[in-house]
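Asker: Pasting a structure below so you can have a look.
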Amino acid sequence: MINSRQNYLNAKRFAADLALEHIIPHNVCFYLIPPIVDLTIEDFEKLALERLKMLRLLEQVAAKNPKATPEAWREAVLAEVNHDGLRMYAKLFRGNINDDATKMARRRDYLSHFILRFAYCRSEELRRWFVAREMELFRLKFSALSARDIKEFLEVYELDYSPLADAEKAEISEQLCMSTANQTRLKMETSDFYAVHFTEVLNLVRDRKCFLKGGKAYIPPESFVHVVARKHQQLIEDGLKAHLRMLPTLEIDERFSMLLKSIHTSYTGKNYTVSKTDSVPIESIDQLSKKSFPLCMRHIHDTLRATHHIKHTGRMQYTLFLKAIGVTMDDCVRFWREELTRGKIPIEKFEKEYAYNIRHNYGKEGSRVNYSPFSCMKVITQAIGPADTHGCPFKNLDASALKIKLAGYGLSALDCDEVAGYAAKGHYQIACGKYFETLHETKLEEGINHPNQYFELSQLTMEGRSTTERSRGRAPQQQNPRWTGGSQTTSQAHHESSFLGDSSTLNGAGDDQELWEIMETKDKESEAIGLESISSVSNNKQQVPVTKGNTKASPAKLTTKDWDDEDFDLLELNE
């Protein structure tokens, strides 16, 4: 019986793959027909997070280089794609090649697009973000097409456009050359130009980037993407509306409901759930916080040192961060005991309630969930109230307060304005990256997506700088010892890319209410403690890397640990 079912499923999947191959015969596609395939929930989630990582990458590149030329933008995106190991998408950016690897990439691209439609159809804000990112992805794929590939694309989707005949092009060659930027006569003669109704390219008409005659706009191949993209955008917007109508049917299953609602805030980078080697002594935290802590964690640390109290969510955010950088549980308990008992928390109350919560965060109490440290997206989306210290300072502080804080940390007025400018536009992670670059006097090659990534990059940057100084024969400045369980070691610079969600949101962590219930009354008792303003005192000691040894985060199966490995048939959504 089991063999019969498996044979049936294999045959069904084979038929579905053949159908998909006919639906998507080209690297650039319009996503017209919803796919009918069987997917496990694990594959469903993995495809969604993989595409989400690609779309976030496009957003970050666009925000970093708002005035870049199309060529410079494409080069920047491809560099980030290669750096992040998105090999599947890289195959779609090299023209319309029909090998097996590219066909598999098309399949993943097609399926993941429809999965994310369900996640991003639920609000106007999400729909706008998704459409903007999908259009950037479309333009990136289209820009890699040759003239032959474009012709094949037009034939596949039966679009009634064809290049100008040589005779017609020769008649208006002078005007074409004058109206097209960076177009030499030789290049113009060898390129295909298209004639379209001027209303299809109003943006090119407005910017005077095409030749107009008789109601037609004559555009070069690099601008032809505007014509096709306009149709593609309309199809996506209509598709999102259709998916919104189907959403209630899909969300009857709570597994999908939870997954789809959490996708937009999911973390898609390296897994920092656990540090296998305890390497950071608690005594070094003050020194490390000045350079290796992101602003969100430095803000919590400084507030704690000044007031000897922070609320529960701030404690949880900071404790998980300390756990992931390598602070042992015993050191963490000692650290919190010393700080909180200096305030208004009696030692008996600390041992009974607060110490339990710390052990709970380390997975040693209660349901023993291995909580993940907060990712940037989770930090940014946390709700905050009066006297709260958690969350993202780039989002939560107004421009003047942010500039004062940055100036107190040693940034120049010019740097403060630049960082605050990105924050004011909503680019909080890019603002964090600029903050990193200013403090470390270096250029980041990747975006900041996780507080623990910031710490890791800081340590690697300073370790590399120390190595360079020693190789030049200069006497290194006084350094703190690099610890790995009490012995000196060198750091291992190994970056793993995994398409894992943030387990603090996807791994059922919210289901364990034990920790939150204990803290509910405790925070009310401590509400009266006011926060004092914090001023940073500059310290001239050179920051020194504190590196972990051979630490490699063990991948966890997120969101699916309690789910049956059953098939998901998209055909049901069309019934």
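Cβ atoms here come from the backbone N, Cα and C positions, even for glycine.
Heads up, TrEMBL stuff is auto-annotated, nobody curated it.
Annotations for this protein, taken from TrEMBL, read as follows:
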type     : residues               : note
DOMAIN   : 286-455                : domain 'DNA primase large subunit C-terminal'
BINDING  : C296, C376, C392, C432 : [4Fe-4S] cluster binding site
REGION   : 463-507                : region 'Disordered'
COMPBIAS : 476-492                : compositional bias 'Polar residues'
REGION   : 524-560                : region 'Disordered'
COMPBIAS : 533-553                : compositional bias 'Polar residues'
Asker: Among all protein chains shown, how many Cβ atoms are found within 10 Å of the Cβ of C392 ([4Fe-4S] cluster binding site), not counting that one?
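Answerer: C392 ([4Fe-4S] cluster binding site) is surrounded by 26 other Cβ atoms within 10 Å.
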Asker: For the domain 'DNA primase large subunit C-terminal' (286-455), what's the model's average pLDDT?
Answerer: 91
Asker: Far apart in sequence but close in space: which same-chain residues, 6 or more away, have a Cβ under 8 Å from C296 ([4Fe-4S] cluster binding site)?
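Answerer: Long-range Cβ contacts: Q317, V379, H390, G391, C392, P393, P451.
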Asker: Cβ within 8 angstroms of the Cβ centroid of C296, C376, C392, C432: which residues besides those meet this for the [4Fe-4S] cluster site?
Answerer: P294, L295, V379, I380, P393, F394, K395, Y428, Q429, I448, P451
Asker: Report the member of C376, C432 (the binding-site residues) whose C-beta atom has the most other C-beta atoms within 10 angstroms.
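Answerer: When each Cβ's neighbours within 10 Å are tallied, C432 leads.
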